[in-house]
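Listed in Swiss-Prot for this protein:
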TOPO_DOM  1-17  topological domain 'Cytoplasmic'
TOPO_DOM  37-337  topological domain 'Periplasmic'
TOPO_DOM  358-363  topological domain 'Cytoplasmic'
TOPO_DOM  384-389  topological domain 'Periplasmic'
TOPO_DOM  412-438  topological domain 'Cytoplasmic'
TOPO_DOM  458-470  topological domain 'Periplasmic'
TOPO_DOM  494-529  topological domain 'Cytoplasmic'
TOPO_DOM  549-852  topological domain 'Periplasmic'
TOPO_DOM  873-878  topological domain 'Cytoplasmic'
TOPO_DOM  899-910  topological domain 'Periplasmic'
TOPO_DOM  933-960  topological domain 'Cytoplasmic'
TOPO_DOM  980-992  topological domain 'Periplasmic'
TRANSMEM  18-36  transmembrane segment
TRANSMEM  338-357  transmembrane segment
TRANSMEM  364-383  transmembrane segment
TRANSMEM  390-411  transmembrane segment
TRANSMEM  439-457  transmembrane segment
TRANSMEM  471-493  transmembrane segment
TRANSMEM  530-548  transmembrane segment
TRANSMEM  853-872  transmembrane segment
TRANSMEM  879-898  transmembrane segment
TRANSMEM  911-932  transmembrane segment
TRANSMEM  961-979  transmembrane segment
TRANSMEM  993-1015  transmembrane segment
Amino acid sequence: MYEEIRMKFTDIFIRRPVLAVSISLLMIILGLQAISKLAVREYPKMTTTVITVSTAYPGADANLIQAFVTSKLEESIAQADNIDYMSSTSAPSSSTITIKMKLNTDPAGALADVLAKVNAVKSALPNGIEDPSVSSSSGGSGIMYISFRSKKLDSSQVTDYINRVVKPQFFTIEGVAEVQVFGAAEYALRIWLDPQKMAAQNLSVPTVMSALSANNVQTAAGNDNGYYVSYRNKVETTTKSVEQLSNLIISSNGDDLVRLRDIATVELNKENDNSRATANGAESVVLAINPTSTANPLTVAEKIRPLYESIKTQLPDSMESDILYDRTIAINSSIHEVIKTIGEATLIVLVVILMFIGSFRAILIPILAIPISLIGVLMLLQSFNFSINLMTLLALILAIGLVVDDAIVVLENIDRHIKAGETPFRAAIIGTREIAVPVISMTIALIAVYSPMALMGGITGTLFKEFALTLAGAVFISGVVALTLSPMMSSKLLKSNAKPTWMEERVEHTLGKVNRVYEYMLDLVMLNRKSMLAFAVVIFSTLPFLFNSLSSELTPNEDKGAFIAIGNAPSSVNVDYIQNAMQPYMKNVMETPEVSFGMSIAGAPTSNSSLNIITLKDWKERSRKQSAIMNEINEKAKSIPEVSVSAFNIPEIDTGEQGPPVSIVLKTAQDYKSLANTAEKFLSAMKASGKFIYTNLDLTYDTAQMTISVDKEKAGTYGITMQQISNTLGSFLSGATVTRVDVDGRAYKVISQVKRDDRLSPESFQNYYLTASNGQSVPLSSVISMKLETQPTSLPRFSQLNSAEISAVPMPGISSGDAIAWLQQQATDNLPQGYTFDFKSEARQLVQEGNALAVTFALAVIIIFLVLAIQFESIRDPMVIMISVPLAVSGALVSLNILSFFSIAGTTLNIYSQVGLITLVGLITKHGILMCEVAKEEQLNHGKTRIEAITHAAKVRLRPILMTTAAMVAGLIPLLYATGAGAVSRFSIGIVIVAGLSIGTIFTLFVLPVVYSYVATEHKPLPVFDENKTTH
């Protein structure tokens, strides 16, 4: 009775065609309304938050900064929640602490938490520091780099225009977190003190500084309230111009006045000269626009472009501007390519189905499942607050081949009954009843496979949650269509006793031949079952080798139309050196025919390095891939001895990390000298390994430092205090901000310093004077002694331990996974006692993800096994079905290994290829379900043995298995020939599924029947239950 009711469920839709059509139309309508409401992104929303705490302490050395500023802040900040890691750099005059938050941490809450921790220790920080600046960003590279240059205006004037006119406009765009200015030469009122003239006037530094501060103050004078009129008071107590500041009286003795111009030169000039930028060889000022942690780069860039065009029209006649790099160009190109692939895959699937069916009328039945499923799933994306992104679009490509499977199986079964003499209506009723359970089982099995991906954490989980649920949603809808619309259409469109067309005859003839060949070969296999079983065992035994022989990486290297190059020079050099050293490199870059723009920023990200972004021409305008261009440029870079430089790919997934793809951090509580020696040995081993084309260590003792010792006894006899010495040296050398002035409505720093000629070498100290307690000038050199030492440029820390970071770019042919594995082994075997190691950049993400996908794969296998066990009420039958999984996986791995041998990009174990392997689990088990379900029914209803049942089932289900496999494989063919942005990732997942499904299907058709004959449950016909019979 239960069986009859269950099977009659599908009859409703055959008998009520309007109901079947209405259900499908409803899904299409809901899907169409969702299209305009879904956001378009590169990847699913992934919040990466990096908080930076910057503190300036002008004139202080790195050790002082670390002891009194960095360490105090670190201790407090470490108590904040959701920190992934914290690193810091203590450099002369500045402390920078970088806090990388865990993925998808609320950026506003994280910023507030860190800010509270900073404020808690501000009172414990030294006097003389500037207030710590706390900022939050996504941490990745800017989404857009824009250059500004002029043949008439100098860099200070260009920078001033950008700060006053351009930057404020970009900040009006929602989603812009930061606008960095590189090559900037910001204006400041520079006071170039003359130590000898000050000594001649008996003026001490405190006297000069006090006069400057006391005579430039902002006054809030309130209002005058009369009986009827109120007046606002404005008191001009600030300096408004260079002339006013120059005429400032520093001291007076009757008519003898000493003005600032008598002891110093005052001018409006550059605040500092820490970075230089060039664009295509021309000196420029470059803006980098960084989005907020939660912003959609595509939306932000879309708003920037019209604003930028408006800004260009406002530029002075002598100023020019270009967009040097736009990250969203590659994103939009990749999305466009994927959408195009969806169209191509649909056409190919249509042709393949036609080749198997041969009837234009019949082909409508499975083909309609494609638009209904693809459009219908959009309503699910909307309900889950998902977006249209590369992952959901990739899921739709895979779905094209999947969603027709169920409809094909239903169509084929109904068509078989029509050819057996049934009317289309009866064939639809009988055929759908027979196939309903396998269809539901296959749908549940596929959904079960993807569910573990939706439960994963980390980057992989964030990326593939939407992928998995999109694919599962499309499969669910296709199952609904297969059991509602497809049977109804079959009853209306298919004809009994109709004369076959020429194409139908050819198709039938060809498939008949295939069927007969398969039957013959299967019979041979079943006669030699032990040989086939041995073959299967051999295949299974090769799986560990096939896995281990593949390289691993987080994501394959893509041709993104742009790449980064980092140049490093010795720590002791200045910005002039690095700029000149990089000129030959950039000349080689610009002479490369595929290069469109070349940007070089000397002095970034550190004072002795250069950040370079090279933009290539459109993919259609060049024949060479990005990797080939980078390799050529890297080879030419080896001939430049002054600087170590290497190009590397922009990270495919923006995880808030910057720099080369591999960075290992050595940590210890020991002193920096010991750490530097250990790091140098580790670096030497890396260079000797031949696995890295570029390496750079951030802790080297090669920077000259003058250690000044004060004779406190002698200074005391003169009445000279340590505070006086500190203030004098600070005002002469550090370039500290004394006060600020208002010029044309904009605040500028007032910076005191001696001229460059008076600070070229330690000998300059002989011209510095202090004021003794009796008012006489005393040479500074008389109370100090100096010793030249070598020190690091900066003192880095990681997780509150002294650290040394080695950044590296693996050699071509060496994956980041292989490089990391070598580094882990090297560090484990060779680091001394008291040392540990960690990773940064892309390497950190790869290590953190670890075996997450392997666990997901195992979980998918377990879940689908349990689902099948429930369906078959057996443990052994699911084991037989699952035997096809290692067969398919071996096919995929063999293909990856062969292609990897020929250095084909994307043939590594990465998140895309591993997701392809997980997808294979669901696809290949469908074959086993189809065969085992028929075999089970044959045993229950016809009393056949296991061998007879599975042989019959394999022959009956050959055609739908071949059709569904061909449809799936054909739908993925465009991925194998993908070009342009994102092509390698699409190829990676495509080749795994195509190779695995094709080879796995061939193996399954022969191995599964053999295994079934040995392992499967013997299904006995159930006894008829008589409710009137009494048992004792």
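Glycine too: its Cβ is placed from the backbone N, Cα and C atoms.
DSSP assignment over the topological domain 'Cytoplasmic' (494-529) gives 27 helix, 0 strand, 9 coil. Using the rule of three or more Cβ pairs under 8 Å, pairs at least 6 apart in sequence, the transmembrane segment (853-872) is in contact with the transmembrane segment (439-457). Across the range of the topological domain 'Cytoplasmic' (933-960), the DSSP-based residue counts are 24 helix, 0 strand, 4 coil. Residues of the topological domain 'Cytoplasmic' (412-438) grouped by DSSP class, helix first, strand second and coil last, total 23 helix, 0 strand, 4 coil. The stretch in closest packing with the transmembrane segment (18-36), judged by the count of Cβ pairs under 8 Å and taken from 364-383, 390-411, 530-548, 961-979, is 364-383. Among residues of the same chain six or more beyond the topological domain 'Cytoplasmic' (933-960), those with a C-beta under 8 A of the stretch's C-beta atoms are 356, 408-409, 412-413, 437-438, 441, 511, 514-515, 518-519, 522-523, 526, 872, 877, 927, 1005, 1008-1009, 1012-1013, 1016, 1018-1022. For the transmembrane segment (364-383), same-chain residues at least 6 beyond its ends with a Cβ under 8 Å from one of its own Cβ atoms are 24, 27-28, 30-35, 37-38, 342, 346, 349-350, 353, 392, 396, 399-400, 403-404, 406-408, 410-411, 466, 469-470, 473-475, 477-478, 481-482, 485-486, 489-490, 493, 967. Within the chain, the topological domain 'Cytoplasmic' (412-438) has long-range Cβ neighbours (under 8 A, six or more residues past its boundaries) at 7-11, 14, 362, 483, 487-488, 490-492, 494-496, 871, 929-930, 933, 959-960, 963.
Counted over residue pairs separated by six or more positions, the transmembrane segment (390-411) shares fewer than 3 Cβ pairs under 8 angstroms with the transmembrane segment (530-548), which leaves the two as not touching.
In this chain, the transmembrane segment (993-1015) lies out of contact with the transmembrane segment (338-357); the count of Cβ pairs under 8 Å, excluding pairs fewer than 6 apart in sequence, is fewer than 3. Using DSSP to sort the residues of the topological domain 'Periplasmic' (458-470) gives these counts of helix, strand and coil: 13 helix, 0 strand, 0 coil.
Counting residues per DSSP class in helix, strand and coil order gives 3 helix, 1 strand, 8 coil for the topological domain 'Periplasmic' (899-910). The stretch from 439-457, 530-548, 993-1015 that makes the most Cβ contacts under 8 Å with the transmembrane segment (471-493) is 439-457.
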